[in-house]
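Here's the structure, in structure tokens; my notes come after.
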Amino acid sequence: MTAPAICNTTETVHGIATSLGAVARQASLPRIVGTVVGITVLVVVALLVPVPTAVELRDWAKSLGAWFPLAFLLVHTVVTVPPFPRTAFTLAAGLLFGSVVGVFIAVVGSTASAVIAMLLVRATGWQLNSLVRRRAINRLDERLRERGWLAILSLRLIPVVPFAAINYAAGASGVRILSFAWATLAGLLPGTAAVVILGDAFAGSGSPLLILVSVCTGALGLTGLVYEIRNYRRQHRRMPGYDDPVREPALI
């Protein structure tokens, strides 16, 4: 990554942090308290929910019979809406269903979970364009509405970016729901397939190249993200009043 690209990326991250600070200052106290309580509950639930062992999953599969794949998909979807590590479900999918069915269940479950989390954020009213009246935020939000799929796709390809964080951030932005869903599905597919194959390898039927896949997808995701950031900044940075506040009152 070149020095200008790193500089642009750093400035963009700083701008996002500044915008989030503005949101915190302008949001009403009940909304802030409610959000903190909600996040705390989600984190506590994620920490307290026990991860089922392989033996427990196999026993569950025997008891449910043909309905087990659907039940597994539903549980995967619901449990990973909070910031619960989805890797356990992804590995279990490969172990229980094999590569093809395991990849399908893991990707569909994760995508459905991401969309639900995104919609929950929007249902609470936490959207930047309604909380912060700045031209820079309005333009960024419009950009995400038009081309947000590329940012989502790039972030999904980077393994170290938290799954839940992308969901919640997308909910606060103007990314279109359908674009978010397709970009999430496509971005999760390579890494999820590698993890499912790893899970399947535990059963003796696969040989994963998880590290290689992670490095390749991460590099591809970073490239797409830097390209989109530089392209956006090139188009908007020199516009007059780029970061001036808008006169209309914020809707809290």
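Along the chain as shown, residues are numbered 1 onward.
Including glycine, each Cβ sits where the backbone N, Cα and C put it.
Listed in Swiss-Prot for this protein:
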type: TRANSMEM; residues: 32-52; note: transmembrane segment
type: TRANSMEM; residues: 64-84; note: transmembrane segment
type: TRANSMEM; residues: 88-108; note: transmembrane segment
type: TRANSMEM; residues: 149-169; note: transmembrane segment
type: TRANSMEM; residues: 177-197; note: transmembrane segment
type: TRANSMEM; residues: 209-229; note: transmembrane segment
**Fill in**
Listed stretches 64-84, 88-108, 177-197, 209-229 vs the transmembrane segment (149-169), most Cβ pairs under 8 Å: range 209-229
**Asked** Going along the chain, which residues at least six beyond the ends of the transmembrane segment (177-197) come within the CB cut-off of under 8 Å?
**Response** 87, 90-91, 93-94, 99, 102-103, 106-108, 110-111, 114-115, 118-119, 148-150, 152-157, 159, 166, 170, 206-210, 213-214, 216-217, 221
